[in-house]
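Structure in structure tokens, see below.
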Amino acid sequence: MELLRRRISKRQRIEYLLSSFREASNRNKTKRQAILFDYRENDKGNRERGNEKGSSLAMAKEQLQVLNALDVAKTQWYHFTAIIIAGMGFFTDAYDLFCISLVTKLLGRIYYHVDGAAKPGTLPPNVSAAVNGVAFCGTLAGQLFFGWLGDKMGRKKVYGMTLMLMVICSIASGLSFGHDPKGVMATLCFFRFWLGFGIGGDYPLSATIMSEYANKKTRGAFIAAVFAMQGFGILAGGIFAIIISSSFGARFDAPAYEVDPVGSTVPQADFVWRIIVMVGALPAALTYYWRMKMPETARYTALVAKNMKQAASDMSKVLNMEIEAEQKVEAVQDKQANVFGLFSKEFLSRHGLHLLGTTTTWFLLDIAFYSQNLFQKDIFSAIGWIPPAKTMNAIDEVFRIARAQTLIALCSTVPGYWFTVAFIDKIGRFAIQMMGFFFMTVFMFALAIPYDHWTHKENRIGFVVMYSLTFFFANFGPNATTFVVPAEIFPARFRSTCHGISAASGKLGAMVGAFGFLYLAQNKDKSKTDAGYPPGIGVKNSLIVLGVVNFLGMLFTLLVPESKGRSLEEISGENDDEGAEMEQSSAHNRTVPV
């Protein structure tokens, strides 16, 4: 019995211990559940409160994934279509801006002939400055206005306006009425101003549209290819002028001015300049329909118009693939990085130096580039590459000037543009721009310092080669990169406006070059200046000034960030919530401290 009681007692003790263990286990489980519940509640509160910013940023980045389809898209037919559609506008721009330099000598002969003069008639200084420069005034105004309008109304809505304005005003310029010099010049300048106004709008809109359509791997090449059509426009202007002048010259033979001053300019010569000017309307008119068929860029629709569904729909058609639209857009709308205004303190802190860099480099580049391009005929005449005007008739002079411009375009201008297209996404925008300014500076000084050496007949070919190299490195350099970079580094809602401001600064430089070089390049000896011009500093000193301008361009290039290989949203900081990431990224990717 005693043994039985011990066994029962032992069993009870075991059961008691097991019972106690279960109770302790249950209490611990309840405690663990309570702790876990508290943790989950706290974690939920943290996500709702402390991590609200991170959640918003994550949502925003998910929202921007709809644009990744464009960033990672392989090169497709629509890329080339966009290049052609946008590029034909630039083809027309270049043709219209530079064809006037082919016919200004002819205009002087036709409308400003002076009986008994030893030299053919030339445009008076104020008229020449107006004819050559009024289009730049219009272009500057158009870049500012249409750049701003492109961010307000959308790229597509404004794109057709600029092209139609170019078509109408190209034709109207050639139809400038009357035979009275004042009447013809006044109407020509009027219509060329509005032609420039339309051309100005094409700069920010074409660059912005191409940058927002392109993928990030080859974006620089695509934008540069649009701009490279400018080279073909200059080339086409020269070729067409050669064809027209050859045709009229063969049909209407005339003696040189020194043989028969009046007979050297046949009445039919008036049609030559009008036809050359009007033909610029054709390429623009041919692409008008296709511009109207292009959808609005997905980045404008998504980031500015806040319509993700439409952006996805448009990209689905463009890329020929199904893209689902995200539903929530509040994160993109409310992000701190997307609410500051143009020229606010926030904008100036993030993009102020960038805008200063793009405006100053474009300004300095165009002083040199346009003074060279518009007045290369004067330089060629000064070194004897084009014969003295009195030894030719009016139409033959057009032929000689066009042939010189065509040779320069074919050998240096066009190749320079396409070298940029080939290498811009390999070596970067900064390197190309710095290299271009450097070699332009070197070749300008190489032309200027031993200028007397180049004027000797046996050295003229060397002069032309050196002069061509300055054009080559202008185009395989800052002339292309100053167009590309402003379309990449600013936020979508300011992109067109900031590109327009940068481009307008460039056209201000073009006006300085166009108007200033007319006077600066005049001979120091008053007896050797063109009719109506005061003495200048001469071609040699003018080239030295242009060399200094190019050197300053190198210095201001240090303010321009590198944008190679990154998405537009990453470059501009539109994926950042408070801007810290932008500042860190900008500092990290900037080529030099600023």
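Every residue, even glycine, has its Cβ placed from backbone N, Cα and C.
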Looking at 517-542, 569-594, which one does TrEMBL call region 'Disordered'?
569-594
Name the range, of those listed as 158-177, 271-290, 461-480, 500-521, 542-560, that has the largest tally of Cβ pairs under 8 Å with the transmembrane segment (221-244).
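So the stretch in question is 271-290.
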Flag the pair the transmembrane segment (461-480) / the transmembrane segment (80-107) as in contact if three or more Cβ pairs fall under 8 Å (sequence separation 6 or more).
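These two segments do not touch.
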For the transmembrane segment (500-521), could you work out the same-chain residues 6 or more beyond its ends whose Cβ comes under 8 Å from its Cβ atoms?
125, 128-129, 132-133, 136-137, 139-141, 143-148, 150, 200, 203-204, 355, 358-360, 362-372, 374-375, 378-379, 382, 482-483, 486, 533-534, 536-539, 541-542, 545
